[in-house]
């Protein structure tokens, strides 16, 4: 799977074996700014400050 790995949506990398999810972390405050993107084996947990969304197709984050 290929995932974006910077806050900018046009830079991506091929994920290592076992990392079959892409994630996007968005700051909840002040304005839903994209904070972090990358590969994961499990979806990171949403916290008080960051909302994570995961998906499993190329460049879906």
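Each residue, glycine too, has its Cβ placed from N, Cα and C.
Some features that Swiss-Prot has for this protein:
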- 3-22: disulfide bond (DISULFID)
- 15-39: disulfide bond (DISULFID)
- 43-54: disulfide bond (DISULFID)
- 55-60: disulfide bond (DISULFID)
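Known features from Swiss-Prot, placed on the structure.
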{"residue": "3", "record": "disulfide bond", "DSSP class": "strand"}
{"residue": "15", "record": "disulfide bond", "DSSP class": "coil"}
{"residue": "22", "record": "disulfide bond", "DSSP class": "strand"}
{"residue": "39", "record": "disulfide bond", "DSSP class": "strand"}
{"residue": "54", "record": "disulfide bond", "DSSP class": "strand"}
{"residue": "60", "record": "disulfide bond", "DSSP class": "coil"}
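Of the recorded residues, residue 22 (disulfide bond) and residue 60 (disulfide bond) place their C-alpha atoms 7 Å from one another. Once Cβ contacts within 10 Å are tallied over all protein chains shown, the disulfide-bonded residues 22, 55 are led by 22. In terms of Cα spacing, the disulfide-bonded residues 3, 15, 39, 43 that come within 10 Å of residue 60 (disulfide bond) are 3. Residue 60 (disulfide bond) has a Cβ environment of 16 other Cβ atoms inside 10 Å. The disulfide-bonded residues under consideration are 3, 39. Their Cβ neighbour counts within 10 Å are lowest for 39. Cα-Cα distances to residue 15 (disulfide bond) place 3 within 10 Å, out of the disulfide-bonded residues 3, 54, 55.
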